[in-house]
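Copied over from TrEMBL:
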ACT_SITE  C:His98  active site
ACT_SITE  C:Asp101  active site
BINDING   C:Glu229, C:Glu265, C:Asp293, C:Asp336  Mg(2+) 1 binding site
BINDING   C:Glu265, C:His268, C:Asp304, C:Asp306  Mg(2+) 2 binding site
Protein chains: 4
Amino acid sequence: MSYFKDIPPIQYEGPDSDNEFAYRHYDPNEVVMGKRMEDHLRLAVAYWHSLAYEGGDPFGGRTFERPWYGDDMAAARVKADAAFDMFGVLNVPFFCFHDADVRPEGDSFAESRRNLEEICDVFADKMQQTGTKLLWGTANMFTHRRWMAGAATNPDPEIFAYAAATVKACMDVTHRLGGENYVLWGGREGYESLLNTDLTREAEQAGAFLTKVVDYKHKIGFKGTILIEPKPQEPSKHQYDFDVGTIYGFLKRFGLENEVKLNIEQGHAILAGHSFEHELALAGSLGLLGSIDMNRNDYQSGWDTDQFPNNVPEVALAYYEVLRAGGFTTGGTNFDARVRRQSLDPEDLVLSHVGAIDICARGLKAAAAMLENGGLEKMRAERYAGWDNEASQAMLKSESLDQIAARVEETNLNPQPRSGRQERLENWVSRFV
Amino acid sequence: MSYFKDIPPIQYEGPDSDNEFAYRHYDPNEVVMGKRMEDHLRLAVAYWHSLAYEGGDPFGGRTFERPWYGDDMAAARVKADAAFDMFGVLNVPFFCFHDADVRPEGDSFAESRRNLEEICDVFADKMQQTGTKLLWGTANMFTHRRWMAGAATNPDPEIFAYAAATVKACMDVTHRLGGENYVLWGGREGYESLLNTDLTREAEQAGAFLTKVVDYKHKIGFKGTILIEPKPQEPSKHQYDFDVGTIYGFLKRFGLENEVKLNIEQGHAILAGHSFEHELALAGSLGLLGSIDMNRNDYQSGWDTDQFPNNVPEVALAYYEVLRAGGFTTGGTNFDARVRRQSLDPEDLVLSHVGAIDICARGLKAAAAMLENGGLEKMRAERYAGWDNEASQAMLKSESLDQIAARVEETNLNPQPRSGRQERLENWVSRFV
Amino acid sequence: MSYFKDIPPIQYEGPDSDNEFAYRHYDPNEVVMGKRMEDHLRLAVAYWHSLAYEGGDPFGGRTFERPWYGDDMAAARVKADAAFDMFGVLNVPFFCFHDADVRPEGDSFAESRRNLEEICDVFADKMQQTGTKLLWGTANMFTHRRWMAGAATNPDPEIFAYAAATVKACMDVTHRLGGENYVLWGGREGYESLLNTDLTREAEQAGAFLTKVVDYKHKIGFKGTILIEPKPQEPSKHQYDFDVGTIYGFLKRFGLENEVKLNIEQGHAILAGHSFEHELALAGSLGLLGSIDMNRNDYQSGWDTDQFPNNVPEVALAYYEVLRAGGFTTGGTNFDARVRRQSLDPEDLVLSHVGAIDICARGLKAAAAMLENGGLEKMRAERYAGWDNEASQAMLKSESLDQIAARVEETNLNPQPRSGRQERLENWVSRFV
Amino acid sequence: MSYFKDIPPIQYEGPDSDNEFAYRHYDPNEVVMGKRMEDHLRLAVAYWHSLAYEGGDPFGGRTFERPWYGDDMAAARVKADAAFDMFGVLNVPFFCFHDADVRPEGDSFAESRRNLEEICDVFADKMQQTGTKLLWGTANMFTHRRWMAGAATNPDPEIFAYAAATVKACMDVTHRLGGENYVLWGGREGYESLLNTDLTREAEQAGAFLTKVVDYKHKIGFKGTILIEPKPQEPSKHQYDFDVGTIYGFLKRFGLENEVKLNIEQGHAILAGHSFEHELALAGSLGLLGSIDMNRNDYQSGWDTDQFPNNVPEVALAYYEVLRAGGFTTGGTNFDARVRRQSLDPEDLVLSHVGAIDICARGLKAAAAMLENGGLEKMRAERYAGWDNEASQAMLKSESLDQIAARVEETNLNPQPRSGRQERLENWVSRFV
């Protein structure tokens, strides 16, 4: 019997509904800027947070009691049943997973791989039956003790080899399940102490590894996007994929900037000292915006809290950047969020997603309205309009410092600042959120 | 009469001296790793903090009373006298300055430039007489209201032009004074609000500007190093030169990674969420380590406190990275630090430097001792030794994911983690600091 | 001619208005929970941010050009004219000021006091004419260099005396102008360095000073509330009025917990590591909630950014705590917020307030709707319902540890956790914001 | 056979020793300020970090492999053997423990209690044989799922009862083992979400609970000190025992300020936005300084990293405050620190303590030297000397605001600021560290 048997399928009932088990704002079929909302948002449930997380934190153990906890294939199948039941209750089109979320660790690499393949057979059937799709697959190379000093960047080449084999296996099943992307998050690709770390070697290892991943993608004909997920720290003291700007430099260094895009998470942006919209806008500007991990971080906590989003103004600015960059292609909105460890009930698991999905719907609609109105883009264009003439472009592109300096003196140039109008723009945005 | 007339020249008296006005650890002539300490540290006083800062903070005005405050050339000359008196009292070999620190703003660009040139004539004489040298010059493109929305990245091309002329003038005098580097710090090259900002345009402007700077350097035959100084924010909400990793990407994007190096500051590293030694080690690893701005940031304050360093263990780790990278060539140790606004007296100005110089001397000596001992490098090499054979290198450089994966399964590879020995390394370091 | 001559009076036009110079949500006469919105919010403009701030920041000087800048009484009168013009344009019922915002510093204490009294005569006339009222007065004891080491907590008793005289003068004019509160914010009551600080003495000085303030209030028959404003740091490294919890302890120590309440600011709450609603709820719980300084802090900046609020969900939670505590009595909503230094124009000054006032109106209405609905309070009551019986209360009030322990063993007590339902509550809140 | 069989007893060998397994600075018998170093520092090993921690972090599981892992009494006895072996190897006089560290959870409260008592019989024998003493005992009321919403502050009175029984049992064994203190740390006494929390009720519960603890102490004749340990957050979003200032207010509210003292931890101070020395100095000033948890927090990580201390200048300032407050009476130095999860080997466990103990020894000796020299205290006294006369004291104690104000005007008082000499004091401190 389904773990969610007492919970009705969540359907759109409109903003005035008083039903806790309904969408008020998310109507998959509502057309926004010429596209169904479902096709804009491309929502995905994260297997790890919703199925594999047990309610632990650094100071306490498991609080949840789910019938699928266990470390054998039978438990993995019960978990898969619950997962697809939940996807159905929520009516979301996608899910995402790590290998370690879905299958028990085997006694050998080969057994772990076979376990993964076996459970992916189960997924394939269920996906066929339900229409649920895979947004992305990935490998968990941070939980097991073997990864404690990194995967690709490990001082031990045997671990590098094990990591390569692991990613290959995960790419294979992602490809087989029609995954639209493959994600790499390097939670242990960094260091605990600079004292025992060789930054030069580790960067070369990381570059070589990513190159192999890209090569393998082409070899097997995987059409999805390879995505890197930035995070500055936690679990490591310092992680190499610190933020969008850092990863851009890494990709340029290894000539991979046209092969790889980014999966950007709000919580990670905040830990790196950026707003979510900054990271999205920068990725958009660099042509690297791939997909998003939607969550929120507690602003008073210095670690990754992975909470469900609940702030429409913030979410609207995020989707504004997504839409400005052209919207998602292979990417989507993965809820990298988990219920708090006191939220014990199946209702909590479902309703946390329901609330978050409505927040995303509101955010998307506000973002679309802002973009369709065009006020912000117009103002921005006006602010830089002085550059839109031949003289300015000539200065930018071909004049030398001394040529410009000579002109400054000749014309006795004395430029006057103009208002940046920040608050007026903020007021404008507030009309839409 | 000198502002410092009551203060004796500071001389080395050894660690047991009880004299507040003496160096206990900084003996310029002491040989460390085959080089005089003065030639290692290449200490510089910052004109802005020591001469131009008036004791203000965001909640309060001027507290200091210096005879050289004023905004005409006469005051600028009094200031220059005091500056060189202070350099003499401290016996430091270098100083650094912005244009705005040393000359009054004129009514026109040309007048400002002439003021700068005139005061640089004064400097040239004094440098000749005293032997004091210029570590680097730079342009202040953040204080005047014209820069409020950026210099090179301003939405207004006239400001870009004014910035170009300003940098040209500053490079000219730096070149004339034999400056060993030219620094760019982009305090306003960033944004206050993403809403009114076009990241794509501004990045292109920044790239074009820096290219012009490099071209001009070659044109005038300036042999010094062009340095960019990373800082993540403050005054701007977000600054483009966020940290070492970000700047590396920027340089790669515009093909300038072999033309420009970095001036790295402890306080800026901390604001970006990094340790000082991380930023230095990363820059070293990327071949970008140029010079350092030595100070400390209060760990409980979220802004740039620019305090004099006082923590030997931290300073030792910083110089360890400098020495590992080969030591300074054109770069040096600039005290980007200011006395607290309650430190009103001339003694405070001098003794703050004295204490900091001794801290640097202790840090350098500890760093040299660690490097000469070699324990840390040996351990690091051992940790990665598994990579130092043909098979590992072949895997890294030429094997594909599926080749590696096949081998993992064939050999039933099951790598075991080994201790990272962090605390033992920390204990080892503690022996030297 | 008014500085705001080109700006029409701001009037309520409803949410669909396209007019930038209109309120969309703030209708002073709209009745919310039985009270006019104006009487709920009790909005006040801050003289310092709107009239006295010149656009400087730690890295740059004045950017604004206002006709009233100057340091004589004539300029102060022009400033007063502009202030009341602006209050009129905005139609806000209150303003707030420090002595230093409104009058030039005199050559002696007596002259400064007379300047203050003279400008307050001007205020009295204008208040009579316009109906604008004074929410609170306060003394600026942080800008002038004499305060650099504190006012009441200064190591120098002469400064303590000067502070006492200053507060007396400010209380006198506040009383005369019918101010509804008198505020103390101790920006320099703290330390820059623990090394030169005697915490014990300084606490005693602070306690004695506040006791004198309370005594003087009673002596002159001032009926307003004495308010302390918490802030953890900035400008000082550490400020004694760190947060609500700390001030509660201070008031208890000196027996003043029934004489003094708090003025709580969002930006200060955040710098102290708290959410705004936490500080408000705690103050409410302790009976200390007096008034609020409404602004927002940039979550990526580690200093006090004093921006106008723009996030309705956050503001709604703040007013929810205000309403739960019974709403304002003498307190109100002071905009302790300033336009960004790039916002040069008179329109920026006015429209920043307009946007913020609308945000407050939306927040208040959402808060009232939540409170009237009662869902949150009902759930909270249910969660603690186990305590609402005699046995639980007896245990709480009179049983000893060993009595309780005996019962635990006798009954083999094994309590089971219940869901905290956080996400469901967040969803519930989202319906209202 | 002992887990530490390959590790020799650590003995003092002096600063020039090259032996990794030796104390260089910690000589228990060295006399510092008239007292043996062992009696000053009163060092304690934390059972939880050194014996119970398994190497997990939020993103990864157990990395260590200790023979005593398990959840039955047999494993608990093996663990106890290893613990006392380790205490012997280190030659530390004290240890500390939570109930959950030392005994398996039983099927009922009574069984858990009996398990605890049984293992404490083992401890009693070992303490007798080895001379190791108990610095403090405490109850773990945060790991088990029953505590997820708090212990004393739980919405469910049954959990309150279970907490009361738990603390009674732990106080009983602490008393029986001659523990010198009993500690309460409220990791779950706070909230995850203000929305489901009743601050008023929870504060009353906390006050009633602590009152019962104090009453029970007197009832059983426990002569040790009851200690509360401040921490601002983690695991909870907000913890009620935020910092020293907050707890002072709490104790005053419930009239317990003479019954309870504080156990202060560096990492917790930092998370609360304070320096360690601030919290110690404040506790000293309020008469609340009881004991310390010595560790360090990574300054770039926003969570509690519980690392072994390695920075002598910081540790010296901490012990300076301890010595100024009279030194420890019942309190001591507990290493609330754990090896990093990559530090797998028994050597890591021992040597991490060895390094930290030497850092403490250096810190203590530097602190004693500074106190014996007296320079800092002398300067501080001079800075406040203006208060040491009758007129100043009369003003402080008996003059009213208007009396003081009248005098300010009569004497035309115009106080001048004096230098705070912060850098000179920092230089002075640097001579000793």
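Glycine is treated like the rest: Cβ placed from N, Cα and C.
Across the fold, the C-alpha of C:Asp336 (Mg(2+) 1 binding site) and the C-alpha of C:His98 (active site) stand 12 Å from each other. Nothing from the recorded positions C:His98, C:Asp101, C:Asp304 places its Cα within 10 Å of the Cα belonging to C:Asp293 (Mg(2+) 1 binding site). Shown are the recorded positions C:His98, C:His268; of these, the residue with the fewest other Cβ atoms within 10 Å is C:His98. With respect to C:Asp304 (Mg(2+) 2 binding site), the closest of these recorded positions in Cα terms is C:Glu265, chosen from C:His98, C:Asp101, C:Glu229, C:Glu265. When the recorded positions C:His98, C:Asp101, C:Glu229, C:Glu265 are ranked by how far their Cα is from the Cα of C:Asp306 (Mg(2+) 2 binding site), C:Glu265 comes first. The secondary structure of C:Asp336 (Mg(2+) 1 binding site), as reduced to three states from DSSP, is coil rather than helix or strand.
Distance noted between the C-alpha atoms of C:His268 (Mg(2+) 2 binding site) and C:Glu229 (Mg(2+) 1 binding site) is 9 Å. When the Cα atoms are compared, C:His98 (active site) and C:Glu265 (Mg(2+) 1 binding site) turn out to be 17 Å apart. Apart from the site residues C:Glu229, C:Glu265, C:Asp293, C:Asp336, the chain places the Cβ of C:Trp185, C:Lys231, C:Asn263, C:Ile264, C:Gln266, C:Gly267, C:His268, C:Ile292, C:Met294, C:Asn295, C:Asn334 no farther than 8 Å from the centroid of the site's Cβ atoms, the recorded Mg(2+) 1 location. In this structure, the CA atom of C:Glu229 (Mg(2+) 1 binding site) is 18 Å away from the CA atom of C:Asp101 (active site). All protein chains shown were included, and the count of other CB atoms within 10 Å of the CB of C:Asp293 (Mg(2+) 1 binding site) stands at 25. Counting every protein chain shown, 26 other Cβ atoms lie within 10 Å of the Cβ of C:Glu265 (Mg(2+) 1 binding site).
Rounded to the nearest whole angstrom, the C-alpha distance between C:Asp101 (active site) and C:Glu265 (Mg(2+) 1 binding site) is 20.
Packing around C:Asp304 (Mg(2+) 2 binding site) is summarised by its Cβ count: 23 other Cβ atoms lie within 10 angstroms of its Cβ, all protein chains included. Same-chain residues that are not part of C:Glu265, C:His268, C:Asp304, C:Asp306 yet have a Cβ within 8 Å of the Cβ center of the Mg(2+) 2 site turn out to be C:Lys231, C:Gln266, C:Gly267, C:Ile270, C:Leu271, C:Asp293, C:Asn295, C:Asn297, C:Thr305, C:Asp336. Under the three-state DSSP scheme, C:Asp101 (active site) falls in the helix class.
Look at C:Glu265 (Mg(2+) 1 binding site): DSSP puts it in a strand.
For C:Glu229 (Mg(2+) 1 binding site), other Cβ atoms within 10 Å of its Cβ number 22.
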